[in-house]
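Feature annotations, reproduced from Swiss-Prot:
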- Arg28, Glu92, Arg131, Lys474: (6S)-5-formyl-5,6,7,8-tetrahydrofolate binding site (BINDING)
- 227-395: domain 'TrmE-type G' (DOMAIN)
- 237-242, 256-262, 281-284, 376-378: GTP binding site (BINDING)
- Asn237, Ser256, Ile258, Thr261: K(+) binding site (BINDING)
- Ser241, Thr262: Mg(2+) binding site (BINDING)
Amino acid sequence: MSILHSFNKDTICAVATAPGVGGIAVIRVSGADAFRLVSPLFLYRGKAIDLSGAKPRTALYGEIMEADELIDEVILTCFHGPHSFTAEHTVEIACHGSIYIRRRILEALINQGCRLAQPGEFTRRAYLNGRMDLSSAEAVADIIASESKAQHQMAMKQLRGGYSEELNALREELLRLTGLMELELDFPEEDVEFADRTELLALCDQIELKLKKLIDSYRLGNAVKRGIPVAIVGTTNVGKSTLLNTLLGEERAIVSDIHGTTRDTIEDTMHIGGYLFRFVDTAGLRETEDTIESLGIERSRSKIKEADIILAVVDGTRISEANQLDYIKSIWDEREERTLILLVNKSESLAEADRIGLSETLQTKLSTPTKPIFISAREGRGIDELKGELTQIMETSGANEADLIVSNARHHQLLREAFDALRRMRLGFDMGLSTDLLTLDLRHAITSIGEITGREITSDDTLHYIFAHFCIGK
């Protein structure tokens with residue numbers, strides 16, 4: 001039996017609101033028999049009614065009863081398929097948020113013949129019933145999990161179909177390219193070149209560029225989705241842990257005058273300017289014979305490589321120490337595409353002339369026109385300027401642009417597969433391989449892109465993997 005039909009037989013039910021005690025909970029019922037199974041449990045103005053005749057999308061105040069037991073007073077709303085989230089008949093029951101009440105209503109529904117929904121089953125049905133494509137369905141999970149404005153905006157773009165439109169356009173271009181090449185296979189006896197080779201390669205190049213742009217956006221998209229990784233680095237005792245505590249507004253890291261106090265990385269997140277940042281306080285890098293501290297330093301090096309933004313902290317009162325400047329210079333030289341913000345800490349005791357001199361020294365040492373930010377992590381000075389700089393970095397990164405950003409690891413992998421298939425086709429073209437072999441790679445690229453939106457999905461295992469990560473009531 002086709003996966004499009006085997007999963008949609010039962011009428012399912014689940015709590016659609018978050019677990020725990022609350023003022024209100026919503027229980028969702030969906031399936032062909034939703035109205036028939038809920039009707040015996042619901043009394044409207046003291047009488048049982050046939051919910052199939054209820055006015056769609058109209059709230060009804062009544063009672064949920066089972067075997068003469070009043071379970072709760074509820075607000076019930078009916079949605080007639082296909083005009084519902086799942087495109088099936090749907091009933092939503094808003095009850096009091098008691099754990100007992102939720103459980104009793106679910107028990108009553110199951111006694112009537114409903115089945116408890118699996119994780120993501122409502123959204124899965126919406127996809128299988130054509131209410132949304134697969135990438136939009138995955139966006140639902142991202143919207144639910146979003147913690148910041150940027151995460152929410154990125155997921156909403158995907159849900160509203162812009163992402164799917166871009167992918168479908170790419171797929172159509174690939175189909176056109178394949179069609180032009182396969183014409184020669186259909187008419188081998190004709191000594192005619194159906195497609196100009198130069199035009200074919202130009203079209204292939206255009207598609208590759210579009211794919212690469214989407215692939216390259218994944219680093220930013222993944223960072224926004226999971227929290228932009230920011231490493232706080234510097235030699236020992238420059239105030240890295242104090243800076244983390246000040247940013248977070250709590251004593252997250254131990255602060256001490258003893259060198260090497262931070263022996264492991266400490267991570268925490270906070271929202272700044274609509275973005276979620278994941279700060280990592282690293283152990284101060286220095287030569288040490290302490291085994292535990294050495295392990296912490298190695299982990300710090302790893303976290304620095306993973307970071308998208310580096311906060312390089314120096315102690316403004318000890319700037320003459322060569323190891324401070326040498327260490328920051330090494331980080332600067334190895335930063336690659338990462339953004340580095342230079343922070344001069346303990347600046348509360350520095351005169352204006354000293355600040356100017358320090359700024360010039362650091363700019364000369366790093367061969368950069370970028371000026372450092374002077375802060376006092378202990379007193380909170382300069383922290384607002386730092387937060388503004390972090391926000392500005394993200395604003396100019398493209399995170400808020402209209403361009404689509406890939407944030408889903410599955411999508412990224414499939415886009416890479418499509419890109420690699422096109423590269424193989426291009427290489428085979430240059431080697432003079434036959435048209436039938438070239439079109440195999442094109443078909444692979446088409447399938448990979450189609451799997452993102454669900455147009456090429458044939459495996460139930462793939463759908464199970466995707467929707468198993470949803471919560472029960474979605």
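Backbone N, Cα and C define each Cβ position, glycine as well.
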Candidates Asn237, Ser241 (binding-site residues); min other-Cβ count within 10 Å returns Asn237
Applying a 10 Å Cβ distance cut-off over all chains shown, what neighbour count does Arg131 ((6S)-5-formyl-5,6,7,8-tetrahydrofolate binding site) have? 19
From the Cα of Ser241 (Mg(2+) binding site) across to the Cα of Glu92 ((6S)-5-formyl-5,6,7,8-tetrahydrofolate binding site), what is the distance in angstrom? 49
If I take every residue in the domain 'TrmE-type G' (227-395) and average their pLDDT values, what number comes out? 80
Spatial separation of Arg131 ((6S)-5-formyl-5,6,7,8-tetrahydrofolate binding site) from Ala377 (GTP binding site) - C-alpha basis, Å: 52
Let me make sure I understand the structure: which of the binding-site residues listed (Arg28, Lys240) has the fewest other Cβ atoms within 10 A of its Cβ? Arg28
Which state, by DSSP, holds Glu92 ((6S)-5-formyl-5,6,7,8-tetrahydrofolate binding site): helix, strand or coil? strand
Ala283 (GTP binding site): which of the binding-site residues Arg28, Arg131, Ser241 is the nearest Cα neighbour? Ser241
By a simple count of other Cβ atoms within 10 Å, which of Glu92, Ala283, Ala377, the binding-site residues in the record, is least packed? Glu92
For Arg28 ((6S)-5-formyl-5,6,7,8-tetrahydrofolate binding site), name the DSSP secondary structure in the helix/strand/coil scheme. strand
